[in-house]
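TrEMBL lists 24-138 with the feature domain 'Methyltransferase'.
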Amino acid sequence: MEYNSPLSKEKERTLISLLNLQPKNKVIEVGCGNGKLLLNLVEASDVNILGIDINAELVSAATEAAKAEVCETQYQFICKRFDELTLKSHYYDTFICNGSSHAFGIGEGALNKMAQQAHDLLNCGGRFLLGECYWKKQPPQAFLEFLGQPSSIYRHYKGNMEVIERHGFKPLYATSSNQEEWDDFEWRRKLNINNKLKLEPDNKALLDEQARIQHWLDAYVKWGRDHLGYGFYLFEKVDL
């Protein structure tokens, strides 16, 4: 899996084309993970990229991949919390956050904080690509108890758009992951860990990870598949 979200290669290509990036545009991604999306943007449009993530292993992998593919002046990957950084206002052409709204806080306020930060960092007319969960329908209490969260942790599909619009953005495009993309994302994690365990059957870290994946997969099959959606939203910054 290239992304920790149900983003297929076909949908990724569509979203990249819709960003309308120009050479040397400045792109920032919060929660960049292994940096794959940013590196694909460099390949497609020769942009300058900044990736931020708190996972040191993933940031290291992103940096190593960039060294092999990208001019050193075009990329930077930072392993820090977003709120620990001082970044230039009105500097970036594109802001991306795919499945990492938790980088901006806990609970329903995170999306509001993210939108505020994106508006501050982007140039006028800059674009904001958001990937975020939503409720397809009201979740059962048993699923909320499993998650350890209130239903307000996510909104409905249009609710995500409404939050961002209130902070000085207009929507340009929106779509969502289909069921095949969701299923592939969830089941491929189990497949991958099982393949690793065939090579290292006594690896405790892998066994623990397998147990965590199975625990979540059971909940996905029972509740998540029917109730959770994943939306991709593209916005443009406008004057407040």
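Just so you know, glycine gets a Cβ as well, placed from its N, Cα and C.
Looking at the shown structure, what environment does each listed feature sit in?
Helix, strand and coil counts under DSSP for the domain 'Methyltransferase' (24-138) come to 47 helix, 37 strand, 31 coil.
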Mind looking up the mean pLDDT for the domain 'Methyltransferase' (24-138) in the predicted model?
95
